[in-house]
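Database features (Swiss-Prot):
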MOD_RES   S25  pyruvic acid (Ser)
ACT_SITE  S25  active site, schiff-base intermediate with substrate
BINDING   T57, G73, A74, A75  substrate binding site
ACT_SITE  Y58  active site, proton donor
Amino acid sequence: MTITMLKSKIHRATVTEANLNYVGSITIDKYLMDKANILEYEKVQIVDIDNGNRFETYVIAGEKHSDVICLNGAAARMVQKGDKIIIMSYCSLTIDEANKFNPTVLFVDNKNNIEKLTNYEKHGEII
């Protein structure tokens, strides 16, 4: 048996663009992807902190160090430029694997620069 666990998270990223006329996906700065352990074409869940929308899409790599967070295609209707979002990916692990696993959690500032990189979250605290 496997369970689904949080693998990677980019917390409070700022949407820099919303491109309705693109095929689909979310474009994420390749540097942020690498630091957060998110792969190109990986399925992610997006939570918009400003409006409460939750949806899934896949990732495409943006230019490294561009700080881009761009929702493309239909997903562009779910956000506004400037919204704060949480980007999460998940993995399937056995119970034994899950008990030893820690996700990669990336906290970013208003310009999508990394403030903190950790493998642990505690309720009410930024570790």
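All residue numbers here begin at 1 and follow the chain in the order shown.
Backbone N, Cα and C atoms are what each Cβ position is placed from, and that goes for glycine too.
Annotated features, which come from Swiss-Prot, shown on the structure.
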residue	record	Cβ within 10 Å
S25	pyruvic acid (Ser)	19
T57	substrate binding site	19
Y58	active site, proton donor	15
G73	substrate binding site	16
A74	substrate binding site	13
A75	substrate binding site	22
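For Y58 (active site, proton donor), the nearest of the recorded positions S25, G73, A74, A75 in terms of C-alpha separation is S25. With T57, G73, A74, A75 listed as the residues that bind substrate, the site has a largest C-alpha separation of 10 Å.
Same-chain residues with CB within 8 A of the center of the T57, G73, A74, A75 CB atoms, the substrate site residues themselves not counted, are G24, S25, I26, F55, L71, N72, A76, R77, M78.
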